[in-house]
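Enquirer: Dumping the structure here so I can ask a few things about it.
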Amino acid sequence: MSYELLDRIKGPEDLRSLTPAQRTALCAELRERIVTTVLANGGHLGSNLGAVELTIALHLAFDSPRDAILFDTGHQTYPHKLLTGRHAIFDTLRQQGGLSGYPNRAESEHDWIENSHASTALSYAYGIAAGFDLTGSAPHRRVVAVVGDGSLTGGLAYEALNTIGHRKLPIIIVWNDNGRSYAPTISRLSSSLTRLRLNPTYMSARNRVKQVISDIPRVGPRAASQIASVTAALREAIEPRVFFEALGIRYAGPVDGHDIDELVYAFEGAKEWDGPIAVHVLTEKGRGYQPAVDDEVQRMHDLKVPRALTTIEGAEPVSFTEAFSRALVDAGERDRRVVAITAAMGAPTGLLPFQERFGDRYFDVGIAEAHAVTAAAGMAMVGLRPVVAIYSTFLSRAFDQANLDVGLHHLPVVFVADRAGITGDDGPSHHGVLDLVEMLAIPDVTIFTPSSADEVRIALEEALKLDGPSLIRFSKTPGPRRIRGGVGTGLGARVVRDAGSGLVIVAYGKMVTPALTAADLLHDDGLEATVIDPRVVRPIDPDLIALASSADAVVTVEDGYVHGGAGAFLADALRAVRPTIPVATLGIPTRYIHHGPPDALLADLGLDGFGIAAKIRTWLGAHESATPEITSDPA
Ligand SMILES: Cc1ncc(C[n+]2csc(CCOP(=O)(O)OP(=O)(O)O)c2C)c(N)n1
Ligand SMILES: CC(=O)[C@@H](O)[C@H](O)COP(=O)(O)O
Ligand SMILES: [Mg+2]
C-alpha cells in the first residue's frame, strides 16, 4: 500500500493542513502501517488501532512537545510515533537497534514516559504540571495525560487523581475507555458505559442524525458537533462524573473516540477549563482489524525459540507458562484451597484454564499488583492456598506487600513470576531481572528456578506443600520438556552433567541449557565441567554445598541481576564453609538493557553457551588474580 499522506507527515504540524477527507484517509494508512508492521515484528495491535483518531486529535488540539502529551503504559503509541517523524523507520519497531515499542526520549522530543509499567502517567502529569507552574511555563504549556481504563485501575492512578484534584493542577486527563485491559477491565467506572459502547444502534443513529445536520449549508458542521456534545452531556453516565467531580476534577464526556472533530472540539473545550478536567473518550480496541477486535490479548507476539535449545535437547521446546497453566489446574483439582490471582494478566500468565475450571476461585484484581499480593495474604490467613501469577517485572510493584504482608506473617503464598529474566522485545521496563534479588531480600521465601517444563510442575507441587511463602520463576522463552531426560525431587539439586569436582557450574533455571553448551565447548578444550541444576535457590541443598565447596572452582550462572542474586547467595554459603574457594558469578549487570530478541541480548551479555565458556576460560586462565565476581557486562 502507498502511504501518500503518511509520507507527507514529518511532524504533527503537518496534520493541520489536511482536509477532513484526508484525515480519514490518513487513519486508514495508519491502520495499514500498524497492522503490517505488527504482524511482521510482533507488538501491540488492539491498543494502537484503537488510538488512531485519538492520537490525531491530540496532535491537532495540542502543541507537542511544548505541551506534554503523556501516554500511560506507552504500548498504544505507534500512531504517535508515526505522526512524529518515525514513519520512515517504523519497520524497525521492536527490532534490536530499532524503534522501541514504547515512547523513547532518545527517539523523539515528543516522547516522555519510557516506563511500560501502567498507571504512572497521572503522577508524571502532577509533577510536570507543578513544575510548569513553579517555573512560570504554565499556562502556555499544557499537560495532557492519556490513561486507559485498565491503567486507571492501578492504585498509583488513584493516588495521583486525589492529589491532582486537591491541588487543582490544570491537567487534561484523557480517559481512553475501551472497556478492556486485556480482558474486560475490572472497573465499575468503566462498565457503567458498556451499554453505550456496545450499542451499535445508538452510535449509528447518533451518527446519522449528525450527518443530516452536518449537511445543512454553512451552519451544519458546527451545529452537528455542538448537538453531539449536548447529547453527550445529556446522556452522561452518572458514576464517572460523580467520581471525578467528587475528587475536584471536572468531567466531560463521554466523547466518541473515533470522531476526530468531536475529539478536537472536546479538547478545545477542556483547554478553557481552569483546573483539572477528565475528558472521557470511548474507543474500540482493535478498531479496523477484526482479528484484533476479537483477540483476547490484542497483541501479536511470536515467541522465537532460542537456538541453544534445539542443539542440546533436540526436542520441541515447551512454554513454561503452558506447563504452569496445566499444573495449576491439576493442583486445583487436588486441593480446593488453591486459588489463583492475577493483576489483569490472566491470559498471558496462563490462568484462564483455571478460571474456566474453577470460576470463583479465580481473582482478577485489575492492574493492581500490590492489592493482589496483600489480598493473597488475607486469603492465606484464612486457610486458602493463593497462587499469585505475576510477571517478574511487575512483582516489583508489590515488593513491600510481599515483604511485610506475606513474608512477615510467614504466609503460604506462592508467587509465580512469569517472564523472569531477559524478556527481550519489550525493553528495559519489562526484563524480569529483579525478582531473585527482591525475594532473596525477604526472609524465608523458598525460591524455585525450574529449568524445564516438567520441573515447573514439580516446583508448584512442592511450593503448595510449604507452610510459608515461595517463588517460582521462569522465562518467557520456551524451554526443554526435561533436561537430559531427568527431573529432580523435592527441594534437592540435580547433577545434570557429572565430571567430578574440578570445575563446577551451578546454573539457575533456563541457564542450565547454555551451561551444558558451555561444558561441551570446554570439553573440546580438554577442560571438564560438572553442571548442576540447583532447582531451588533457597534453601540450598546441603549436598550442593558439599559438592561445590570441595570443587577446584565454582561458576554460577543466572538470568537476573548478578549483584544480590542467586549466585551471590550461593557464593556466601560456600565461603562460609571454605573462605578461599574461587567462585565466579555470571549474570545480568545492574544496568538497563535495551530491547531486542532475548537470546541475542543474552549472547551480547556473554550468557549464551559460547559466552559462558569464554568467560570461564578467561577466568580460569588468570583466576589467581581475578576478582571472585565476573559480571556479564561486555563493556
Ligand atoms: C504495572 C503493570 N501491570 C501490568 C501491565 C501489563 N499490561 C500492559 S497493557 C495492559 C492493559 C492496559 O489496559 P488499558 O490501560 O485500558 O489500555 P488499552 O490497552 O486498553 O489501550 C496491561 C495490564 C503493565 N504494563 N504494567
Ligand atoms: C505492555 C505490557 O506490559 C504487556 O503488554 C507486555 O507487552 C506483555 O508482554 P508479553 O508478550 O511477554 O506478554
Ligand atoms: Mg483499555
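Placed from the backbone N, Cα and C atoms, the Cβ positions cover glycine too.
From a predicted model like this one, the values you see are computed outputs, not experimental measurements.
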Enquirer: Please state which member of His59, His75, His410, His431 TrEMBL lists alongside Ser116, His117, Ala118, Gly150, Ser151, Asn178, Tyr289, Glu369 for binding thiamine diphosphate.
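Expert: TrEMBL names His75 for this thiamine diphosphate site.
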Enquirer: Under 6 Å from ligand 3 by C-beta, which of these binding-site residues make it: His75, His117, Gly150, Glu369? Sequence order, please.
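Expert: Those binding-site residues that pass the cut-off, since their Cβ is under 6 Å from ligand 3, are Gly150.
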Enquirer: Please list, in sequence order, those binding-site residues from His75, His117, Asp149, Gly150 with the Cβ less than 6 Å from ligand 2.
Expert: His75
Enquirer: Looking only at Cβ atoms, how many others are within 10 Å of the one on Gly150 (thiamine diphosphate binding site)?
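Expert: Excluding its own Cβ, the number within 10 Å is 29.
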Enquirer: Quick one: Cα separation, His75 (thiamine diphosphate binding site) versus Asp149 (Mg(2+) binding site), in Å?
Expert: 14
Enquirer: Any idea what the model's mean pLDDT is for the domain 'Transketolase-like pyrimidine-binding' (318-482)?
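Expert: Per the prediction, mean pLDDT sits at 97 for the domain 'Transketolase-like pyrimidine-binding' (318-482).
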Enquirer: Which whole-number value in Å describes the distance between the Cα atoms of Asn178 (thiamine diphosphate binding site) and Asp149 (Mg(2+) binding site)?
Expert: 7
Enquirer: At its widest, how many Å does the recorded thiamine diphosphate site span between Cα atoms of His75, Ser116, His117, Ala118, Gly150, Ser151, Asn178, Tyr289, Glu369?
Expert: 31
